[in-house]
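**Student:** I have a structure I would like to understand better, so I am pasting it below and will then ask my questions one at a time.
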Amino acid sequence: MVGSVLMQRMQEEGDFDLIEPVFFSTSNSGGKAPSFAKNETTLKDATNVDELKKCDVIITCQGGDYTNDVFPKLRAAGWNGYWIDAASSLRMKDDAVIILDPVNLDVIKDALVKGTKNFIGGNCTVSLMLMALGGLFRENLVDWMTAMTYQAASGAGAQNMRELLSQMGALHGAVQQQLADPASAILDIDRRVLATMNSDAMPTSHFGVPLAGSLIPWIDKDLGNGMSKEEWKGGAETNKILGKPAMGEPGSIPVDGLCVRIGAMRCHSQALTIKLKKDVPLDEINGILASANDWVKVVPNEREASMHDLSRRRLPAR
């Protein structure tokens, strides 16, 4: 999912015109490479260290298992290139920088000067939060904050998006006849929906539980302290991205929250509570937020604007 969107955006921005791309696959080596692959017309084996070593830069969206397997082998083989990764495996390593250039370009540039070679994409909700609030952090206004997330199925991967649609189909199929009958009782329809959610007809191999018609109030691993790993990332990654001390250390920004998976296909949402270090007029805050980067749009806190502009259907289909 992430890799597909990345390649689409790179095509749209003309990035492939500036490089000599070589494409690798873990499951289809020898297959046909994308049309913009220039001189390399076939996919190479993504586990072949000798082939990977020929690259100056490696960009991977394959996931943590791949990173944990291949990355140490590459470094052990003497490869000294740039590793750019979407997986979380290396994010908190001392020799890695979490990249979010509209927010921490100064941190990235400083790392390049110092010889850092591992650049890792951040957690999706953390990155979106910091993109939206970048102006407040730039002005050093944030004392602490909490984030309540409404995370789409896309954050769990392409197979989970498919499963959500399959779940929707199972629920609709269970009550299709009743929906076609205006005289059918809605409570009877609801009972059928609930029965289907608890039956073997509901596909749950990826999420583990039904998401369609429901929500999942836990994302990622249980850290054993009442916090999910997804919630931990909020504080840990925020401070690392901003170049602050580790979460909990003097000088860090406290970030807490609750992460919930909802039945949307794509486009995460968040509700944020922020304590500022000083009183700032609301119109000034709006200006700070809007001017932070080109990807921020401040929507008026009004019914019609909120309903129509803060909606997945208003966003590009990329």
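Including glycine, each Cβ sits where the backbone N, Cα and C put it.
Automated prediction, rather than curation, is the source of TrEMBL annotations.
Here TrEMBL flags 1-111 as domain 'Semialdehyde dehydrogenase NAD-binding'. Annotated active site, acyl-thioester intermediate per TrEMBL: C124, in sequence order. For H268, the entry in TrEMBL reads active site, proton acceptor.
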**Student:** Give the number of CB atoms, excluding that of H268 (active site, proton acceptor) itself, located within 10 Å of its CB.
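**Tutor:** Summing over all protein chains shown, H268 (active site, proton acceptor) has 19 other Cβ atoms within 10 Å.
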**Student:** Rounded to a whole number, how many Å is the Cα of the residue listed as 'active site, proton acceptor' away from the Cα of the residue listed as 'active site, acyl-thioester intermediate'?
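**Tutor:** Approximately 8 Å lies between the Cα of the residue listed as 'active site, proton acceptor' and that of the residue listed as 'active site, acyl-thioester intermediate'.
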**Student:** Helix, strand or coil by DSSP: which one applies to H268 (active site, proton acceptor)?
**Tutor:** coil
**Student:** By DSSP, what is the split of the domain 'Semialdehyde dehydrogenase NAD-binding' (1-111) into helix, strand and coil residues?
**Tutor:** 47 helix, 18 strand, 46 coil
**Student:** Measure the Cβ-based neighbour count of the residue listed as 'active site, acyl-thioester intermediate', defined as the other Cβ atoms within 10 Å of its Cβ.
**Tutor:** 18
